[in-house]
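Swiss-Prot annotations:
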- 29-216: domain 'BPL/LPL catalytic' (DOMAIN)
- Arg71, Gly76, Ala77, Val78, Phe79, Lys134: ATP binding site (BINDING)
- Lys134: (R)-lipoate binding site (BINDING)
Amino acid sequence: MSTLRLLISDSYDPWFNLAVEECIFRQMPATQRVLFLWRNADTVVIGRAQNPWKECNTRRMEEDNVRLARRSSGGGAVFHDLGNTCFTFMAGKPEYDKTISTSIVLNALNALGVSAEASGRNDLVVKTVEGDRKVSGSAYRETKDRGFHHGTLLLNADLSRLANYLNPDKKKLAAKGITSVRSRVTNLTELLPGITHEQVCEAITEAFFAHYGERVEAEIISPNKTPDLPNFAETFARQSSWEWNFGQAPAFSHLLDERFTWGGVELHFDVEKGHITRAQVFTDSLNPAPLEALAGRLQGCLYRADMLQQECEALLVDFPEQEKELRELSAWMAGAVR
């Protein structure tokens, strides 16, 4: 029986693909070496310890239907589109060695005619006339008896969109957590015009087989049926949940301020695990009562635009004469935390 396993996903859903990755990683025999190839439609993928409100322009992502996905490994935020090829290498210990998987990717690039080299802890770079340019970034995860190395290769990604989504709004946000370090990047199509996802996958697969001296048939993961993987439904539900993608953010504070025709408002939020643990409201409004009531209602509320709107609009029952002010406040708050 072969010790290798090759899986290729036809899904572009980041939550689906990360759930597949997690299920395989949890249930694989310690003697197995796995290669999983995949790609995602428009998504910002953040590291396990990152704060999406700090790392991303969450409002623009929502407007453009860009998903947020938190992975189980560390590292920084990256933008995925169909111009990225994603790879995951898994192995039990002591077989797991990220230098082996890195060399497999370098060999694959070399076979395609691209001379690249490892740089720093987790990047692959190519030399250009403008200097070194990153074409691949990776992250890693290890448990007691196994580990994985996953990463992306930039084929023909829309690099302009990185800046759109990976630069957060200039919010007054004091946040803990890992901050991404931006690198200068380039696409492989600059070096190999016309290179495709399928060609890159084939090159990585051949380098994987060559390293281990074995070949196996690829298992195709279809988006049209639930994968036959233990606990997939539960894993997918968690991976796609707001509680995991947003609620796992490290504790942070958020200061919002705005001036309306009826007065200025300053909101101070402390947020832990996606819930507001403390809310303070300051205002020079001539009628501060609804705002004082709002501060009490927001304590314990999910830090989510629709929930903030719901709590604000619930005050219309008690303060019908301030309907205009409350609706303006509700719309502003929702926009500010997206």
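Using N, Cα and C of the backbone, Cβ positions are placed for all residues, glycine too.
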Helix, strand or coil for Gly76 (ATP binding site)? Use DSSP.
coil
Could you find out if DSSP has Lys134 (ATP binding site) as helix, strand or coil?
strand
Could you pull the average pLDDT for the domain 'BPL/LPL catalytic' (29-216)?
89
Identify, in sequence order, the residues in the chain of Arg71 (ATP binding site) that are 6 or more apart from it along the sequence and have a CB within less than 8 Å of its CB; answer 'none' if there are none.
Leu18, Val45, Ile46, Gly47, Arg48, Ala139, His150
Please work out the number of neighbouring Cβ atoms within 10 Å of the Cβ of Ala77 (ATP binding site), leaving out its own Cβ.
24
